[in-house]
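If you check TrEMBL, you get these features:
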- A:33-450: domain 'Amidase' (DOMAIN)
- A:K45: active site, charge relay system (ACT_SITE)
- A:S120: active site, charge relay system (ACT_SITE)
- A:S144: active site, acyl-ester intermediate (ACT_SITE)
Amino acid sequence: MSLKSIITKIPTVQKEFNIFTSYIENSTECPADSSPASGKIGAIKDNIATKDFPTTCASDILKTYSSPFDATVVSLLKGSGAVIIGKTNLDEFGMGSLGLHTTFGPVRNPLNKDWCVGGSSSGSAAAVSCGIADFALGTDTGGSVRLPSAYSAIYGFKPSYGRISRWGVIAFAQSLDTVGIFANNIDTISGIFRILDQHDPRDPTSLSVETRESIKDQSVKFKDRSKLKIGIPKEFVQSDLAPEIKESFMLYIETLLEKDYEIYPISLPSIKDSLSVYYTLAPAEAASNLSRYDGIRYGKRNSTKPDIVNANFFTESRSYFGQEVKNRIILGNYNLCSDGYKNNFIKAQQLRVQMINQFDKIFRFKNILTNNKPDHDIDILLCPTNLSPPPPINSITHAPKSNPLHEYMNDIFTIPMSLAGLPAISVPFSKGKPYGIQITTQYGNDEALLKFVKETVL
Amino acid sequence: MLRLKSLIPLTIKRRISNGNPIEGFELTCGLEIHTQLNTTNKLFSRSVNNPFESISSPNVNTSYFDIALPGTQPILNYEAVLFALKLALSLNSTVNLSSQFDRKHYFYGDQPQGYQITQHYHPFSKGGYLRLSKEFDEIKELSKEIRITQLQIEQDTARSLYHQSSQQNSGEETLIDLNRSNVPLIELVTEPDFHDILQVKAFIKKYQNLVRQLKISTGDLEAGSIRIDVNVSVNEHPRVELKNLPNTSSIINAIKYEYERQVNVLKNNEQDSSTVVETRGWDGSKTTVLRSKESTMDYRYMADPELPPIALSSDVLSEVAKTLSKDADDCIRELMSNPYNLSKKDARIMTIQNDFNELYNNEELRVYYIDTFNAYKGSTEDNEISDPKIVVSWILHELLGNLKKLQIPLNQLSQNILSPKKLASFLNIVHGGVISNSNAKQLLFHILEEYKLGSCKEPKDIDFMILIKKYDLEVTKNIDYNTLEADCREIIETLNNPKMIESIKSGKKKNSIKYLVGLGMRKYQGKIQAQELETMFKKILNVK
């Protein structure tokens, strides 16, 4: 499809699914080369800084913000010849699992307009799912790429933490934040990953060149074994898993068995702590990161009232945050209070380390960051991506008082991999169905993971 | 009618207490010192670090990170780590081989991120001390050790300028200059080891000297590159933190005031259960409450989730330790003992840097002195110096004065024209009596002036003997004492001042003989040793 015809189509798609926060509005803005290579039409989640479009985080507070610089991922994509057609809607600052907490209104699921598409990278998932973009970038902090990709029946890949630069990625909880890729085929995912998988001296958490070298060595060793060993964590066997998702999952396992893969039950007891650990650490980091939005230097500012009222700073301007963001800021600050820090935050950090140690024991390869010695032999972990199909938008927005915990439960399968920084991909094994299979491997073995997916999923 | 409006009363006369200790009431103080490091770049960005030079152009030294744009990240400047390492090692503090950064949260206009990056849970170094002594620091005790609690690296805040808004009813407005934002600071906390104001004064001075000697900070209190808060407590009185102390005298006066205030509180039993730890400011004449414990902020410290720990190896520590110059007190002591035997005043000049001098620093001066001294000593016949003062007095009194007058940097001089060896050979000539002192001084100045006129560029190999001959400055070797006596008598006669001659004879004004010597030197064009003239005049006038 030519770029011009895509750009003509955007307004219609936008009206239907509310995918974009801004997009190329007329074809004259298109680059001279108006037919980019296949797989190179992309959309970018609107919490990633771009010079060519506003960068809003779908928040009222940044609605008019324009970044003076491109995120490293955006520069890399542009440099590779990709064309970015727009910025995509999201849960405000990446906080949400359904794509509903946004100042631009909910994103609709291309599989069924009445359904949620999932969040927080909701617009990016929908852009690929409806076919307007070949790929899209999202960010994944606890499942924000994997869950919406499952809900919209596409691929959603969260690489190992540190492989893709975060420079220009607006922090939600940067010990977890990872740029992820959406596409409707594994080759496009691999192609975009190769472009973005670079060390960036501007990002202090970017994986060093030396560590990248040792990862390469490990990737080579992965091939020693013709048939990888697969583990299924028993903690992920949930009684309330939707029957159709269970069926799809079992079907995938059958195809693996047919291909002579060996499958083992394994145990990761720490998984039971993951939601509590995540909702202690992530909101605390978020409360800290969002402290900069005071309206003084950029962003929306209440011009009728002073910045300081009764020794309270920036209350008026900061009230432009949406309700879910406010909830998490309050929770985060509670976790950071001097009393709460030792009891909650430090404990959560310890439990996180414990979980990483458990993961490290299971795999065949050692974790190059922790240097923990493995004592099992597993290459690949499997579990579903989502517990249930996407809920109807109305059921949430019209519910009298919805318990936020219900929304948080959506991330139960994805959060452990975020806490451990592991590469994980959600795969649409049952074509066109709103559920996915999550495939994970040891830290740094992203290429091996993508190769495994290519070999086992049609 | 003319009106003079002032918000501040023009005359504030208030007795500043003398701060003398009152029996039974012991003063205890601890200091919190923030020192701006003069690194090239800021702590976590590549912005230029020069908050003072850029004071007239606000917000120019700001990167995306400094103004906390969304999507930016900190990258640690390792020059700041090196500077912190030098300070920690100099203070005998134990360096943490894996210190970490934490975020300290509070909202303020001068803090763009909404938090300060500091080191709360795992500081850069712990422990250590700075030793004060009666000999060098003018304290009452023979020796006093002030223990260091810890050092931490952190970001400075932006600079706030308060002024009344021009718009009516809009209240106060603060202008923000982010040039200072993210400038590297070291926070140093001492133990509450001060029990005398002299100790506080001495510590501050010594600390300033140290950071200047290490070349890690300009060390100025007035300009704000060093900022000091003081914790004060008298006996069981709860600790009071004193802030807004812009210079040493306000620090001293605030402590004195606070000491007397707390003594009065204790004497009058005014201290009730509500008396709690509080922060007080100094307004130039008294301390006033800024905030009390009830309104103390919870800073919600959090380990920074993206900055890696500062990982150091013990090899790095020992390498940096090697680059450090000697302890200042040891240097002074060395210069005051054999073979140099300098006075304390001269030894200090060569050790302590009081200000940034463009022509030379104390270290260059000391090296130049010691090299000259050794060259001079080596050039004497028996390797002994009969007049050890000659080197120091020529360097400190003649040479430095000339360098300042002619604006010649010492290093350049030493390299191009007057190496320590060269100067030593000159001093040898002077000491040998080939040329008189006064002519020697004129010759030295002349040589330096010529050099300066040649734009200080041409290295020159000076042969002093040739110059002395060229300008005919050599002291007459074979003095005809009869002629000398006749000349001296003629001088006295021509002077025709019996009153003066009388006062010399009677011993009333002994030094007036120098005047006669001066006249004699003029007559002989300096080609005679002043001592010869003085002896002759004494002989004529019959004085001893």
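Backbone N, Cα and C atoms are what each Cβ position is placed from, and that goes for glycine too.
Taking the Cα atom of each, the residue listed as 'active site, acyl-ester intermediate' and A:K45 (active site, charge relay system) are about 11 angstrom apart. Each residue contributes its Cα atom, and for A:K45 (active site, charge relay system) and A:S120 (active site, charge relay system) these two points are 9 Å apart. Taking the Cβ of A:S120 (active site, charge relay system) as reference, residues of its chain lying under 8 Å away and at least six apart in sequence are, in sequence order, A:L90, A:D91, A:G94, A:M95, A:G96, A:S97, A:G99, A:G138, A:T139, A:T141, A:S144, A:P148.
Its Cβ taken as reference, the residue listed as 'active site, acyl-ester intermediate' is surrounded by 37 other Cβ atoms within 10 Å in the chains shown. In three-state terms derived from DSSP, the residue listed as 'active site, acyl-ester intermediate' belongs to neither a helical nor a strand segment and is classed as coil.
A sphere of 10 angstroms centred on the C-beta of A:K45 (active site, charge relay system) encloses 32 other C-beta atoms.
Taken residue by residue with DSSP, A:S120 (active site, charge relay system) is part of neither helix nor strand, so it is coil.
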